[in-house]
Amino acid sequence: MTKFKLLLAGSLVAIVSMGLLASNINEREKERVALNKTAHSQGIEGKAMSEEWARYYPRQFDSWKKTKESDNITDMLKEKPALVVAWAGYPFSKDYNAPRGHYYALQDNINTLRTGAPVDGKTGPLPSACWTCKSPDVPRIIEQDGELEYFTGKWAKYGDEIVNTIGCYNCHDDKSAELKSKVPYLDRGLSAAGFKTFAESTHQEKRSLVCAQCHVEYYFKKTEWKDDKGVDKTAMVVTLPWSKGISTEQMEAYYDEINFADWTHGISKTPMLKAQHPDWELYKTGIHGQKGVSCADCHMPYTQEGAVKYSDHKVGNPLDNMDKSCMNCHRESEQKLKDIVKQKFERKEFLQDIAFDNIGKAHLETGKAMELGATDAELKEIRTHIRHAQWRADMAIAGHGSFFHAPEEVLRLLASGNEEAQKARIKLVKVLAKYGAIDYVAPDFETKEKAQKLAKVDMEAFIAEKLKFKQTLEQEWKKQAIAKGRLNPESLKGVDEKSSYYDKTKK
């Protein structure tokens with residue numbers, strides 16, 4: 001009898017356990033189906049607002065919100081004062097920070113001193129193109145107004161429309177959630193370079209190409225056009241300089257051939273190039289790019305929640321999530337891998353400091369030669385060396401992760417940039433000697449303050465103008481966007497606490 005009772009009890013436990021397991025499996029299957037359920041066939045209303053995607057993709061949305069955790073402001077001009085001299089006469093000499101989480105991308109664009117202090121939609125220093133990589137409202141407006149109209153006018157033109165930070169609609173189709181390129185210039189660039197278009201690419205390739213919508217080198221191409229009313233307009237169209245190839249020297253040759261310059265240097269009067277964020281181009285030269293590892297494999301690794309597998313949308317440093325990002329392929333310890341990365345970074349830092357020290361001194365020595373009477377003809381070759389030196393060195397550092405993505409290429413570019421700067425300085429010795437200044441020593445630029453004084457950057461004035469803008473026009477933009485249903489006010493929480501010139505978290 002006792003044996004029977006034990007057998008019966010055991011059977012009941014097994015039956016209940018199987019029932020619970022079956023129930024759990026069914027619940028997980030429901031979760032999986034719900035997670036993979038696509039949006040409404042007509043698309044998501046309010047598609048530029050990532051909050052509207054949360055009902056279909058709650059896990060992805062919740063993980064995306066965690067990009068808010070990457071909130072540190074690192075003032076790169078304070079860390080590397082030589083950059084101020086390198087960018088004299090250009091907005092980057094005022095303000096340049098290391099990137100934060102995508103949660104802050106749009107607000108950081110609004111806050112930076114580079115975008116100026118417009119008083120209405122027709123004023124300010126920069127074109128509307130400067131919103132392009134910051135918001136899912138950009139593809140919405142391109143669809144709404146047309147590409148050329150979007151690229152026409154000032155940055156402030158769309159201040160009350162471009163109000164949502166980088167999110168779902170930048171990379172996904174709102175009807176199917178499939179990866180999709182949202183900016184026409186990417187396919188034009190890929191075709192010019194001889195690559196497959198986005199649509200022709202494999203899914204694995206698309207997991208990097210959606211990043212290449214923004215993490216690439218580009219310039220603003222002046223484009224004349226007529227609107228529907230026959231009015232002549234000028235658009236500043238984002239263009240990828242890839243028709244000769246995607247290497248640094250091939251892009252350099254492209255720019256030289258069309259005599260393009262982003263600006264004329266404030267000290268040396270050199271026609272300069274500013275590298276943007278060429279992460280994709282440099283990644284393609286590195287071992288991960290060559291082996292077909294995608295950006296998302298490391299920066300958005302797959303994660304498991306019950307029966308559900310999904311891509312972690314907390315885009316960030318893979319070293320913060322090594323068990324999912326690195327250890328699927330690597331067999332070394334986490335600490336050993338971190339030590340390798342640290343070594344790569346230190347080598348980059350060493351060569352960067354040498355290269356930009358020589359570049360800064362070349363600018364200052366050229367400025368001195370001009371002051372003494374040197375002619376443009378005497379300085380032509382010198383300025384070409386400076387232009388190429390800074391372009392190559394800037395390409396090495398403008399993508400903050402390039403030291404890891406392509407360490408050999410980064411060191412090569414910094415060495416090449418340093419060599420070009422030294423060529424300029426050797427020729428400058430002769431020019432300075434001719435004008436009686438053979439003993440000239442360039443002033444030091446060891447701090448941000450010293451460098452900005454040399455670059456004639458009036459920080460107090462720029463900050464005062466910006467703070468006034470933030471108290472006036474920026475507030476109007478947000479009020480209008482909320483009133484018109486373009487912006488969820490919840491998305492503003494904690495987004496504007498810090499910049500390089502204020503910190504509201506400190507009493």
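Even glycines carry a Cβ here, placed using N, Cα and C.
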**Item:** Identity of the heme c 4-site residue among His172, His405 (reference: Cys295, Cys298, His299, source: Swiss-Prot)
**Value:** His405
**Asked** Since Swiss-Prot lists Cys326, Cys329, His330 for heme c 5, which candidate among His277, His288, His363 does it give for that site as well?
**Response** His288
**Prompt:** Looking at Swiss-Prot, which one out of His313, His385, His388, His400 binds heme c 2 in the same site as Cys168, Cys171, His172?
**Reply:** His313
**Message:** Just to verify a number: CA distance, His313 (heme c 2 binding site) to His299 (heme c 4 binding site), in angstrom, no decimals.
**Reply:** 8
**Item:** Surrounding CB atoms that lie within 10 Å of the CB of Lys274 (Ca(2+) binding site), all protein chains
**Value:** 18
**Prompt:** What is the interatomic distance between the Cα atoms of Lys134 (heme c 1 binding site) and Glu217 (Ca(2+) binding site), given in whole Å?
**Reply:** 15
**For Lys274 (Ca(2+) binding site), the one of Cys130, Cys168, His172, Cys295 that lies nearest, given that the binding-site residues are compared by Cα** = Cys130
**Asked** Around the heme c 4 site (Cys295, Cys298, His299, His405), what further same-chain residues have their C-beta within 8 angstroms of the site's C-beta centre?
**Response** Ser208, Cys211, Tyr283, His288, Val293, Ser294, Ala296, Asp297, Pro318, Gly401
**Asked** When DSSP states are folded down to helix, strand and coil, where does His172 (heme c 2 binding site) land?
**Response** strand
**Message:** Neighbour count first, Cβ atoms within 10 Å, every protein chain included; then name which of Cys133, Cys168, Cys211, Cys295 tops the list of binding-site residues.
**Reply:** Cys168
**Asked** His215 (heme c 3 binding site): which of the binding-site residues Cys133, Gln276, His277, Cys298, Cys326 have a C-alpha within 10 angstroms of it?
**Response** Cys133, Gln276, His277
